[in-house]
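The block underneath contains the structure these notes are about, expressed in structure tokens.
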Amino acid sequence: MTDSNNWYIEHFERTGSAIGYRITGKLDEVQSPFQKIEIFRTTDWGNLMTIDGAIMLTSKDNFFYHEMISHPVLFTHAAPKRVVIIGGGDCGTLREVLKHKGVESVTQCDIDEQVTVMARKHFPELCDSNDDARAELLFDDGVAYMANCPAGSVDVVIVDSTDPVGPGEGLFNKAFYASCFKALKDDGILVQQSESPLMQLELINEMRTEMGKAGFGSFKTLPFPQPCYPTGWWSVTLARKGESSFDFRQADSAAKTFETLYYTAALHTGVLVTPPFVQAALK
């Protein structure tokens, strides 16, 4: 919500906290069949996107999330060639995945085309790989897409979803994870944004439990900073179909030729060390 002093403030009842940005005005808004998308100009954080009032990203800090949902999983897989992104309509994750030249094809399936339309207009830097020949952008139900995905056809599934409410609700249960499990090859990996490890460990445990019911045998939750999300600390959770190790191709990561603003091989090594309070709470 905006107040009379030109601040956009989102209150988080479940964490008893709030995040605010000083704004100079609203740049755009659209009511899609699924949700309301708004774009604001801030004084210090670039453009701000909200969906149904919830802060999604800013120009200044989205790289933390997009890099950490993409590069750790792709360097953990031995040779990822076929990638599916469920959600991801702002296209920042797609851009990061396509930095990996060994990836041969990426299908992104987001239910709401208007998210991508607004991203192209107001976050063009996130969409500069949308026309890559390896990319396929679909605007459809991600749950249905994964249910119909051929068995054993995918190396990595990235679930770049909103919170588990509204359009994103169906992406956090056993049935959806079972579809991902079926679609993945024997050495395939699923990764999904998994909320704040400081305040939402119960949700992370629920996700891991549902993933386990779907057949996944090992999990790793990686925390990272994300200033625009509740608590400023976020996470992604990886689930392996086959082997249990989350070792990564450290030499390849260290020798990467593309630019990142946060992710490095050294950082990847460090983030594999789970903080004691998180480890104690995880099942």
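Keep in mind that glycine also has a Cβ here, set from the backbone N, Cα and C atoms.
The annotation active site, proton acceptor is assigned in Swiss-Prot to ASP160. For GLN35, ASP110, ASP141, GLY142, PRO167, the entry in Swiss-Prot reads S-methyl-5'-thioadenosine binding site, with the evidence type sequence analysis. Sequence annotations record features per position, and here Swiss-Prot assigns spermidine binding site to HIS66, ASP90, ASP160, SER161, THR162, ASP163. Feature annotation from Swiss-Prot assigns domain 'PABS' to 5-241; the stated evidence is sequence analysis.
Shown here: features listed in Swiss-Prot, placed on the structure.
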residue	record	DSSP class
GLN35	S-methyl-5'-thioadenosine binding site	coil
HIS66	spermidine binding site	helix
ASP90	spermidine binding site	coil
ASP110	S-methyl-5'-thioadenosine binding site	strand
ASP141	S-methyl-5'-thioadenosine binding site	coil
ASP160	active site, proton acceptor	strand
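Across the fold, the C-alpha of SER161 (spermidine binding site) and the C-alpha of GLY142 (S-methyl-5'-thioadenosine binding site) stand 10 Å from each other. With the fewest other Cβ atoms inside 10 Å of its Cβ, the least crowded of the recorded positions ASP90, ASP110, ASP141, ASP160 in this structure is ASP141. Shown in sequence order, ILE86, GLY87, CYS109, ASP110, ILE111, VAL159, SER161, LEU171 are the residues of the chain, 6+ apart in sequence, with a C-beta less than 8 angstroms from the C-beta of GLY142 (S-methyl-5'-thioadenosine binding site). Comparing C-alpha positions, ASP160 (active site, proton acceptor) sits nearest to ASP90 among the binding-site residues GLN35, ASP90, ASP141.
A distance of 16 Å separates the Cα atom of ASP141 (S-methyl-5'-thioadenosine binding site) from that of ASP90 (spermidine binding site). The C-beta environment of HIS66 (spermidine binding site), restricted to residues of the same chain at least 6 apart in sequence and closer than 8 Å, consists of GLY92, THR93, ARG95, GLU96, LEU126. There are 21 other Cβ atoms within 10 Å of the Cβ belonging to SER161 (spermidine binding site). Distance noted between the C-alpha atoms of ASP90 (spermidine binding site) and GLN35 (S-methyl-5'-thioadenosine binding site) is 14 Å. Taken together, the residues in the domain 'PABS' (5-241) have a mean pLDDT of 95 on the 0 to 100 scale. GLN35 (S-methyl-5'-thioadenosine binding site) sits 11 Å from THR162 (spermidine binding site), taking the Cα positions as reference.
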